[in-house]
């Protein structure tokens, strides 16, 4: 049986998830040059917000009705926390040396995890999330698409398209571009840069919430530490694609996801590499790829070489 | 503005640190204050937070119940038992730090824990050099008690202070292989493990026994702890044409793996060891775990006559978390320490001798009582002599026991 199409689909679904989360890293970095390490936790909070919304819905609500509401609920929670974090944790440090907000982000990440752990009912272990019921879609003999994967295949391009149009066409989007090019000059031109920065955090959080709903629907569970590892992978995807570039985030995510799936499936079939294949080495190969890409293109796949202000 | 935030931050951190140290010193002060009764502290080390906290809280509460029961019935006259529970978060380095802390408290005469074999490795040496008794309710890796060369038949006990009430993976892995081959009539198994001391060890023992019986291992893979996307591995299982899966690891990864394998359309069961025998294996990943198996040590606690009192007492104790998979073994581990202390105190005219720790370790090898999980006693390696095992199956969203037997090699 040829499992290549199936493994490609797996990698693509995983990569799209990384990409959606990576948007948050890349937008914030593009505008304030801050690596928001708490973004993984924003993703996690989006998941818990969606779950809370689901529990508020009357029993027996069809998932098709529930999912849009869950996305909205999750996005509200994620955006609220992200903008609050921006206002109270990052804004006071805006003039500070770069390391200060970075450490703050790490502290915030731990704080958010522990808050959910301590105060969300039953969140000390994984909590169940509504799952798609029913069989997967069979496209060909050896290609099955899970319902949750189909969900992300539809949603991820839509989100990207919407974001692309917003950034290039709308007034706020162009203000965002201006701010990312030069914050001080943008301010002189009458752009309210504080508002733009909040907007970048909010958009990233909303995308993370979408990703969290897709994740929950797929895995059937969410837990308070799920943001850590996924956040790290998404950050990697953002760097791989060229941090600061929104399309780069999605490309980086997909490349990373495909690399993981391929290395799990095929590395061990290369003669002499049996010991280096399988799930145990997937992360190693993903990072080997990252290093190789950064050696050839230090700015990432779609990144632009910018004067580093660090 | 910036300086003010920094000041506030520093103040908060300093206050926090002071509060913590204050807690520490108060604990130590308490014991010396006891006038008529000697206080003996039973240390507990388990993951009290994190994804394995369901098991860890069960361990802590069960030991607490053992200590309270001993105090109530005056099991050891003149001795009051207390527990000191530390959180290792299933991280070996935390376990080692906790072990050092427990050794430093001179009232600690025995420690129950840890949950994870990998954590135990980092604690054994610390306890052994301090002659402090350690009884694990859950470690199943054979090398902990039988030395690194146990697989070659060269059994050598590395640490005299280490005992356990759980049977080893040798017993469990072989029992699982025999069940798959003889009872479930499986012939082609795919083996996955999580690369940890417990999971990889268990998977290796299972594979060897399954092959010895005549079955085939059609493929192997490894997953990384805390990862959640195993769809590529699941598709490999399907492509390999396996009729069953064996998973060496813990329930967070096990539940997701089983779920994702079934979502590929492969209708095959997953079996694992006591690490996946937990309600969360089922609850946290939908309802598609039906038909999965787990082995666990001992007979179902609910079915043992000896355990009825434990279950009733636990319910009466008002603990927030259930006793989980290791409750009975933890109670027995705690009771082992109490019995050892009792023997030492009785031999010394009702007082604790100066070298109490050393004598407690020596007394433990002679301990024998009817515990929650059956007869509790230890062989020359510190392993339990109780080799009863049970196979559980997921049916309708709960674990049902399908076969209980005493293991025979």
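Glycine is treated like the rest: Cβ placed from N, Cα and C.
Given the structure is predicted, the values throughout are model-derived calculations rather than measurements.
Positions annotated as transmembrane segment by TrEMBL: A:12-32 (among others). Only residues 6 or more beyond the boundaries of the transmembrane segment (A:12-32), in the same chain, are considered here, and those with a CB under 8 A from a CB of the stretch are 39-40, 42-43, 82, 90, 94, 146, 148-149, 152-153, 156, 159-160, 163, 176, 179-180, 183, 196-197, 200-201, 203-205, 207-208, 210-211, 214-215, 218, 230-231, 233-238, 241, 243-246, 248-258, 260-261.
Listed as Cβ neighbours of the transmembrane segment (A:39-57) (distance under 8 Å, sequence separation of 6 or more from its ends, same chain) are residues 21, 24-25, 28, 66, 69-78, 81-82, 85, 108-109, 112-113, 116, 120, 123, 127, 129-130, 204-205, 208-213, 215-216, 222, 224-232, 234-235. Under the heading transmembrane segment, TrEMBL lists A:39-57 (among others).
Residues or ranges marked as transmembrane segment in TrEMBL: A:63-85 (among others).
Positions annotated as transmembrane segment by TrEMBL: A:97-120 (among others). Nonlocal intrachain contacts for the transmembrane segment (A:97-120), taken as residues 6+ away from its ends with a CB within less than 8 angstroms of a stretch CB, comprise 33-38, 40-42, 44-45, 48, 81, 85, 89-90, 127, 224-225, 227-228, 231, 310.
Per TrEMBL, transmembrane segment is recorded for A:150-167 (among others).
Residues or ranges marked as transmembrane segment in TrEMBL: A:196-216 (among others).
Residues or ranges marked as transmembrane segment in TrEMBL: A:247-267 (among others).
Here TrEMBL flags A:279-296 (among others) as transmembrane segment.
Outside the transmembrane segment (A:247-267) by six or more residues, the chain places 3-4, 7-8, 10-23, 25-26, 156, 160, 164, 233-234, 236-241, 273, 276-279, 281-283, 285-286, 289-290, 300-303 with a CB less than 8 A from a CB of the stretch.
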